[in-house]
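**Student:** Please find one structure pasted underneath; my questions will follow.
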Amino acid sequence: MAGGAFIDESGHGGDYEGRVTAFVMITCIVAAMGGLLFGYDIGISGGVISMEDFLTKFFPDVLRQMQNKRGRETEYCKYDNELLTLFTSSLYLAALFASFLASTITRLFGRKVSMVIGSLAFLSGALLNGLAINLEMLIIGRLFLGVGVGFANQSVPLYLSEMAPAKIRGALNIGFQLAITIGILAANIVNYVTPKLQNGIGWRLSLGLAGVPAVMMLVGCFFLPDTPNSILERGNKEKAKEMLQKIRGTMEVEHEFNELCNACEAAKKVKHPWTNIMQARYRPQLTFCTFIPFFQQLTGINVIMFYAPVLFKTIGFGNDASLISAVITGLVNVLSTIVSIYSVDKFGRRALFLQGGFQMIVTQIAVGSMIGWKFGFNGEGNLSGVDADIILALICLYVAGFAWSWGPLGWLVPSEICPLEIRSAGQSLNVSVNMFFTFFIGQFFLTMLCHMKFGLFYFFAGMVLIMTIFIYFLLPETKGVPIEEMGKVWKEHRYWGKYSNNDDGDDVDDDAYF
């Protein structure tokens, strides 16, 4: 594969002692529950904004506008309302800014402290939303939820990457994405049940139940140790070595511990990680911590996850059918993520990126063509039962392609490629870019659908093609490489090597590769 610098596992990961212990498995499973926070919020919003009780309470003008338009708008534009989409997407702006603060706290006080803060903030937001009596209370609750998501998404992937042995780091890190998909599925099921409840109980229950994953994570945090990397970063060598011995299940950890110490010494020399990550020698990390989350959102996946009920209604599904279809796609998302857990450390990151990208391109084009055939440019048309089943099957194939590629790898790769001295900054950059474009897609998707019509699916297919080419030429394989030896991967890559071997941070010729 062009541009792929493959590293033999025996040359890196095989010389560390230890085994996969029950202790490290349990701690990683508990930590991964942080993904439930993000997943539940992604899945719940679309159902809540479709409840008339909720709209009557907080957005009566929007409800009247929608009722007055019935029968006069095209299928593509029937749900286009910026105020409603702002309710969904505003959380992610709060998460964006919180991720920068989380970077500093994670570095100074440890990954565990950031997870506790994230849990408390998310729990506070869930309580405020579930008990909201006015729009101000609702928005403040959304901001607290955003802070919780920002802290959890910044700290949990780092925690998992640092705790896991190199040979199964991918599988354990994907536990975070699996928890996200379980959260989405749980929200889809809640959305199916709660609209049947009267007197405003439905939307309150939907929003308030976000507190359940927050409590689970908060309780779990009290039983989690901090990572050896983080303990060492804060100056306690003896405790760090003891923790490394515990999670590796052996006293023979000298080689790995020495690598951690070397990385820590390098990190101590870095006083301003946000300045350092801009240096030439960190150009690969800067590139992937920026472009992977950017591309992840432009796969179009959150179109399905945010607005699944609305999207299915838009393309002709009935109310119950749209909610059931959202549950089905959520289940496919979970099962396909489980597939990635078993395949990521066997086939590698690049193989999953490329296969998943191809699958998403084909299915997006097929969905766009099907909708264009049935509704045309004017949005007038309808779907037969067979047509609806075909579109649902295509969307499920698309979700599966994402769930074993860009979904988990979008969190795994940025969290494992950065050296300790810029790791918190790199992960914070990853989260902030992800949150910004999550906000962008959430805010403007319904408007884009109204104006671009079925061509929107072609747009996302084109973006997936671009990102697949990007991965093919520029991403080296990181399977089985110990996290503190990741620098060797970049030095051996035919493009990134000129940056990673440039210890002085001088500018280099970008055209040399071409």
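Each residue, glycine too, has its Cβ placed from N, Cα and C.
Residues or ranges marked as topological domain 'Cytoplasmic' by Swiss-Prot on the basis of sequence analysis: 1-19, 104-112, 159-169, 226-290, 342-350, 411-428, 475-514. What Swiss-Prot records for 20-40, 83-103, 113-133, 138-158, 170-190, 205-225, 291-311, 321-341, 351-371, 390-410, 429-449, 454-474 is transmembrane segment. Positions annotated as topological domain 'Extracellular' by Swiss-Prot: 41-82, 134-137, 191-204, 312-320, 372-389 (among others).
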**Student:** Counting only pairs at least 6 apart in sequence, do the transmembrane segment (454-474) and the transmembrane segment (321-341) share 3+ Cβ pairs under 8 Å?
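**Tutor:** By the criterion, they do not touch.
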**Student:** Residues of the same chain, at least six outside the topological domain 'Extracellular' (134-137), with any C-beta under 8 angstroms of its C-beta?
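**Tutor:** Sequence-remote neighbours of the topological domain 'Extracellular' (134-137) are 58, 128.
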**Student:** Is the transmembrane segment (429-449) packed against any residues at least 6 beyond its ends, judged by a Cβ distance under 8 Å, and which are they?
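**Tutor:** Contacts of the transmembrane segment (429-449) (Cβ under 8 Å, skipping residues fewer than 6 from its ends): 76-77, 79-82, 84-86, 88-90, 92-93, 95-96, 99-100, 102, 146, 149-150, 153-154, 277, 286, 289-290, 292-294, 296-298, 300, 302-303, 306-307, 310, 314, 410-411, 414-415, 456, 459.
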**Student:** So what's the mean pLDDT when you look at the topological domain 'Cytoplasmic' (475-514)?
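**Tutor:** Mean pLDDT, the topological domain 'Cytoplasmic' (475-514): 75.
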**Student:** Quickly jot the same-chain residues contacting the topological domain 'Cytoplasmic' (342-350) by Cβ under 8 Å, restricted to those at least six beyond its ends, or write none.
**Tutor:** 1, 4, 167-171, 174, 404, 408-409, 412-413, 471-472, 475-480
**Student:** Report the DSSP secondary-structure composition of the topological domain 'Cytoplasmic' (411-428) as helix, strand and coil residue counts.
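**Tutor:** Across the topological domain 'Cytoplasmic' (411-428), the residues distribute as 16 helix, 0 strand, 2 coil.
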**Student:** Below 8 Å between Cβ atoms, which of the listed ranges 83-103, 113-133, 170-190, 205-225 makes the most pairs with the transmembrane segment (20-40)?
**Tutor:** 170-190
**Student:** Under a criterion of three or more Cβ pairs within a distance under 8 Å and sequence separation of at least 6, are the transmembrane segment (390-410) and the transmembrane segment (170-190) in contact?
**Tutor:** yes
**Student:** Which one, 113-133, 138-158, 205-225, has the most C-beta pairs under 8 Å toward the transmembrane segment (83-103)?
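**Tutor:** Against the transmembrane segment (83-103), the leading stretch is 138-158.
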**Student:** With a Cβ cut-off under 8 Å, give me the same-chain residues at least six positions beyond the ends of the topological domain 'Cytoplasmic' (104-112) that come close to it.
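**Tutor:** Same-chain contacts beyond the flanks: 151, 154-156, 158-159, 162, 221, 224-227, 230-231, 233-234, 273, 424, 427-428.
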